[in-house]
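Per Swiss-Prot, the features are as follows:
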ACT_SITE  11  active site
ACT_SITE  137  active site
BINDING   95, 96, 97, 98, 99, 100, 101, 102, 103, 104, 105  ATP binding site
């Protein structure tokens, strides 16, 4: 096989707590990831005549060398001394700066997809370790299962959750993750708790207060939607989400959203759509 089209799914942080900051600047956290059945789509073709990595469609304002897709392909190439190349096209549906994992998911899909097409033979654990150098969220997308993440995001405990319906909305702003994690008001001392204790609690996000203080668009949207459901932040935003018992209930609130606001209704997935697709070929 020399070509494959793979999903690059969105994720939600169902909760996110910051437990501390290491000497190297990375934050220690506890978060619960679940995948969604919506996302981007990545078309990967391999070339055997040369080792060039070609991106068919660049992201406006992002240099090729800084693009996580390109960096993921080059990283795998270097790690495995692979002499083959690739041509990669992305159909983008997820927003940048949304907190639903678009860039990290793209990087993971490329790592997993090229490992399959190039037959480089790395395990998922090896790919996840490789992906961590690209971003703290990349390993969860590589692993492909709903998981409780600790450390800086690299310590993963798979778990099963109800696959609920979610409404995800994004105000017309993008939020740089680094700006939130650098904010002096960000809580960094939330006590670590066991997964069983966290699953028994109401869930929250330590980044939400800071985001709502700095971005009135997020604050105003959450307040406006309180009449329908309690929305909360995913990641560092700007997307917010709420859970619903049915697709119909989620779509009803979606139809009441502010005019032309970006959003989607999606179902939680305990197994990543990426891995479901790859399993069809194995």
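Note: Cβ is positioned from N, Cα and C throughout, glycine not excepted.
All features noted in Swiss-Prot, drawn onto the structure.
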{"residue": "11", "record": "active site", "DSSP class": "strand"}
{"residue": "95", "record": "ATP binding site", "DSSP class": "coil"}
{"residue": "101", "record": "ATP binding site", "DSSP class": "coil"}
{"residue": "137", "record": "active site", "DSSP class": "coil"}
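Sequence-distant neighbours of residue 95 (ATP binding site) (same chain, 6+ residues apart, CB-CB distance under 8 A): 102, 170, 174, 238, 239, 262. Sequence-distant neighbours of residue 11 (active site): residues of the same chain at least 6 apart with a C-beta under 8 Å from its C-beta are 33, 34, 35, 36, 100, 101, 105, 137, 140, 141, 234.
Of the listed binding-site residues 97, 99, 101, 103, the Cβ environment within 10 Å is emptiest of other Cβ atoms at 97.
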